[in-house]
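Going by Swiss-Prot, these are the annotated features:
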- TYR139: active site, proton donor/acceptor (ACT_SITE)
- LYS167: active site, schiff-base intermediate with substrate (ACT_SITE)
- THR51, ILE209: pyruvate binding site (BINDING)
- THR50: site 'Part of a proton relay during catalysis' (SITE)
- TYR113: site 'Part of a proton relay during catalysis' (SITE)
Amino acid sequence: MSANNYLFSGSIVAIVTPMDSSGEIDFVRLKSLVEHHIAAGTDAIVSVGTTGEAATLSIDENVKTILKTVEFADGRIPVIAGAGANATSEAIVMTKLLNDSGVAGCLSVVPYYNKPTQEGMYQHFKAIAECTDLPQILYNVPSRTGSDLLPETVARLAKINNIVAIKEATGDLSRVAKIKELAGEDFIFLSGDDATGLESIKLGGQGVISVTNNVAAADMAKMCHLALNGQFEEAEQINQRLMALHKNLFVESNPIPVKWAAYRLGLIDTPTLRLPLTTLSEHLQPKVEDALKIAGLL
């Protein structure tokens, strides 16, 4: 199946949620970010995922931010809603609120902190999928959740009609072939790890849900599109230029560094985050700035 035949593929930005200095959401800047990504060739936007600070926004703020993003996109770029929670009932409430929102799908994270079994994860995602017709993207990020959604469980979930994809953020490249083997070639594999994103496409993945895209949107779009067309050498040249960013945007917990980088580039007005996250430590700012320079962004 070609990349164009997949519902989700290419360079997908896990977009930051811009805030003013008091921590209120800056919807004017959010609109400008959406325009920026459309102009740069980004293939889709994930609204209020990990990078969008979903964990420190209220449900009302989450929904409002998603709806505003859909409004600003105006049908020109698909918007995927972060709709996960570690309580299945809460995730269902959030998902139902989005049923008629115009989103292209929902990204639902493995429940965090309470560490369910594989059967618990299966039942969690099954219950969410059954409450909606919206396409569902599973989100596996064990470094944050404390639990790993195994390929065998993904394969079980892939049998549910509207569970169509996974965002795999383990960085384990063997997962691409394993998930494709068990879940089928039609099941969409999206890397959630910028540093191994290109390699995952080479191995049969469909794209990257990217943090780096926030500050290097045009480069990430070009890299992903080249790779999906089999032009790996040209894609690798871009990837090498971005590699310092892929790594240094995680010198502190995401989205701390990427918000500072977006601020440094003038894409947002402040690097403000909601507590308990605080602005990038001063001694690490030169590392991120150097990565921006290596990428040719400064």
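Every residue number used here counts from 1 along the chain in the order it is shown.
A Cβ is built for glycine as well, from the same backbone N, Cα and C atoms used for every other residue.
Distribution of Swiss-Prot features across the structure.
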residue: THR50; record: site 'Part of a proton relay during catalysis'; DSSP class: coil
residue: TYR113; record: site 'Part of a proton relay during catalysis'; DSSP class: coil
residue: TYR139; record: active site, proton donor/acceptor; DSSP class: strand
residue: LYS167; record: active site, schiff-base intermediate with substrate; DSSP class: strand
residue: ILE209; record: pyruvate binding site; DSSP class: strand
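Take the CB of THR51 (pyruvate binding site) and look out to 10 A: across all protein chains shown you find 23 other CB atoms. For the pair THR51 (pyruvate binding site) and TYR139 (active site, proton donor/acceptor), the Cα-Cα distance reads 13 Å. For ILE209 (pyruvate binding site), the same-chain residues that are 6 or more apart in sequence and have a Cβ closer than 8 Å to its Cβ are ILE12, VAL13, ALA14, VAL46, GLY49, LEU107, LYS167, LEU190, SER191, GLY192. For the recorded positions listed here (THR50, TYR139, LYS167), the lowest count of other CB atoms within 10 A around the CB belongs to THR50. Annotated pair THR50 (site 'Part of a proton relay during catalysis') and TYR113 (site 'Part of a proton relay during catalysis'), C-alpha to C-alpha distance, rounded: 15 Å. The residue listed as 'active site, proton donor/acceptor' is 15 Å away from TYR113 (site 'Part of a proton relay during catalysis') when you measure Cα to Cα.
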